[in-house]
Each structure stands twice: as structure tokens, then as C-alpha cells.
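Student: Here it is, the structure in full.
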Amino acid sequence: MALIILLVACLSVVSADDCSGKTDAWTSIKGPKTGGYWLKQTTKTGENECTYVKGTDFKENTKTATYTYGYKDASGKLTKTTGTATAKGSDIVVGSDTSTVIYTDGKTCDVVKHGGHTELWVHSSKTSGGYNNCCDKKFTETRGSTPANEVYKKCPGMP
């Protein structure tokens with residue numbers, strides 16, 4: 001009996017730390033359906049500070065949502081653009097842009113590839129930490145030796 005309990009405990013630890021296979025774009029788009037996501041780090045140089053995305057009007061049957069997104073402009077205000085995000089397997093398509101989900105926990109963070117760059121997105125409630133450690137692992141693993149640039153810095157409240 002003790003052996004069975006030990007095996008179950010070991011398997012629970014392994015599955016709790018399993019960071020593979022969570023690449024569904026629709027799970028990423030929906031997130032927790034409240035708040036939004038800030039771009040925390042990217043391998044792209046010169047990315048605008050306080051880049052964000054916020055989904056609303058989620059349509060399960062078409063796997064689409066309205067996306068509001070933008071960044072902090074020179075005056076310190078957040079820009080605001082609206083588009084439709086569509087999930088296609090592990091791809092998020094907004095207009096002519098496609099991002100590929102490398103990892104999502106559907107609640108606190110996502111790692112995506114966009115335009116050849118790796119990006120770490122963190123839910124607006126987790127900018128000070130507490131997001132899934134698999135996102136840090138996948139971001140580091142995917143970017144390899146490419147330097148990471150911090151994008152989330154003293155950002156105003158999300159619109």
C-alpha cells in the first residue's frame with residue numbers, strides 16, 4: 001500500500017511540472033476571460049513598452065474574439081487598436097499577423113512565437129509574479145541564447 005501511495009505522489013509531481021503539449025490557441029485567446037495580458041519579455045529589440053492585449057466577445061462556435069491591443073506611446077498613454085482574433089490550432093490570427101502558441105496555461109501566461117521572435121505574455125493580475133513557472137521555462141527554452149528584453153515597465157492600468 002505504501003508503494004502505491006509513493007507512486008501516486010511521484011506521478012502527481014511529474015504531471016504537475018509537465019510543461020508540454022499545451023499549445024491550443026483558443027485556450028490562449030480565452031484565458032480566464034477577465035483582465036488582459038501584458039507582454040513581459042520578448043527577444044525582439046526595440047519593442048514598445050507596455051504592449052498589451054485584451055480579449056472580449058468570445059465566440060466558441062467560430063473560435064474568435066474581439067482583441068483590443070496597443071502599447072504606451074511617447075506621451076505615456078496607451079494606444080488602442082481593435083481587431084478580431086481567430087484560433088486555428090496553435091495559431092492566433094489577427095488580420096495578416098499570425099502568432100504560434102508555444103505554451104499556454106489558459107490562466108496566467110502564454111509563450112508565443114511572432115515574427116521570428118519569442119514572447120512571454122503575463123496576465124494583468126500576475127505582473128508582479130505568481131504566474132505558471134512553465135512559461136519561464138518555455139520562454140527560456142524557446143529563445144535559446146537570444147537575449148530577452150523587458151517590455152513591462154511601470155505600465156498604466158489596462159484599458
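Using N, Cα and C of the backbone, Cβ positions are placed for all residues, glycine too.
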Student: C50 pairs with which of C135, C155 in a disulfide, per Swiss-Prot?
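Tutor: That record, Swiss-Prot, gives the partner as C155.
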Student: Are there residues of the same chain, six or more positions away from C109 (disulfide bond), whose CB falls under 8 angstroms from its CB, and which are they?
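Tutor: Non-local contacts for C109 (disulfide bond): Y37, L120, W121, V122, H123, K126, Y131, N132, C134, C135.
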